[in-house]
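Annotation comment: Swiss-Prot describes Cys33-Cys80, Cys40-Cys65, Cys49-Cys77, Cys53-Cys79 as disulfide bond, evidence class similarity to another entry. Annotated signal peptide per Swiss-Prot: 1-29, in sequence order.
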Amino acid sequence: MGSLRLSTVAIAVVVCLSILLISPTEVDGRQVCDYDKGECNSYEKSSTCIEPCKQLDSKFIGGRCIPVGGITGMGLCVCCRDVQRGAEKESM
């Protein structure tokens, strides 16, 4: 019973730290991937997050699946936006 509780806590800590480390994630210095779209399977192609993110809002230019579950294949789908494009829209 105690080892089950300890492993549950360990998994929760790993997931939380992974989320903190990837949020926000910069890609090529122009894109920021900081909107959590939900869970994804990190073993599948990363393109599984691209279309759902683009359909969510026009400010998103894509998305990617970031592994957070280690060997379980659990991932976090994050949507990416162009920082320059977002700044231009806000100034209008």
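Even glycines carry a Cβ here, placed using N, Cα and C.
Since this is a predicted model, take the numbers as computed values, not measurements.
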Secondary structure of Cys53 (disulfide bond) (DSSP, helix/strand/coil): helix
Candidate nearest Cys40 (disulfide bond) in space, where candidates are the disulfide-bonded residues Cys49, Cys77, Cys79, Cys80 and distance is Cα-Cα: Cys77
Among Cys49, Cys53, Cys65, which are recorded as disulfide-bonded residues, the nearest neighbour of Cys80 (disulfide bond) by Cα: Cys53
Cys65 (disulfide bond) as reference: those disulfide-bonded residues from Cys49, Cys53, Cys77, Cys79 with C-alpha within 10 Å of it: Cys49, Cys77, Cys79
Cα-to-Cα gap, Cys79 (disulfide bond) vs Cys33 (disulfide bond), nearest whole Å: 5
Cβ neighbour count (within 10 Å, all chains shown) around Cys65 (disulfide bond): 24
Rounded to the nearest Å - Cα separation of Cys77 (disulfide bond) and Cys53 (disulfide bond): 9
Rounded inter-Cα distance in Å - Cys53 (disulfide bond), Cys33 (disulfide bond): 11
Under 8 Å by Cβ from Cys49 (disulfide bond), same chain, sequence gap 6 or more: Lys37, Cys40, Gly62, Gly63, Arg64, Cys65, Cys77, Val78, Cys79
